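According to TrEMBL, the protein carries these features:
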DOMAIN    5-120  domain 'MoeA N-terminal and linker'
REGION    109-138  region 'Disordered'
COMPBIAS  126-138  compositional bias 'Basic and acidic residues'
Amino acid sequence: MAQMIPLDDYVAQVLETLSPLENGRLALEEAHGRVLAEDVTAVVPVPPWTNSAMDGYAVRAGDTAGASPQTPVVLPVTGDVPAGAAPQPLAAGTAQRIMTGAMLPEGADAVVKVEDTDQAPGPRPLPERVELRAGARP
């Protein structure tokens, strides 16, 4: 039976066999299977507007203050925002149904995931407070 060695010794032996990989610039077609040596940052935001990271309801986070499972906040749904459409501004105390990737309406600062609602037609009870910028990108 092989002799057991302490874990720290084993890790040290493995690390001795490793060496850092060279980094440098490659043509895109040569980069398959490679890993970035540093972060790449876009020069301009893409897309150039805040958008929904999920299907749900665009809201003002402040309108959900005090929401809990026992006392959900109910907001009337005043419109739909499909991806690619220019939304109407969001009035205080209302919500707009929004699709993934759609532009957040002016006045909205959060998105409630559709899974966190009862999905019934009409007003939506929100079982908990929504944090500012929740469900929004960037």
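Using N, Cα and C of the backbone, Cβ positions are placed for all residues, glycine too.
Because TrEMBL annotations are produced automatically, they should be read as predictions rather than curated entries.
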Quick one: average pLDDT across the domain 'MoeA N-terminal and linker' (5-120), no decimals.
90
Residue counts for the domain 'MoeA N-terminal and linker' (5-120) under DSSP, helix then strand then coil, are 20 helix, 23 strand, 73 coil
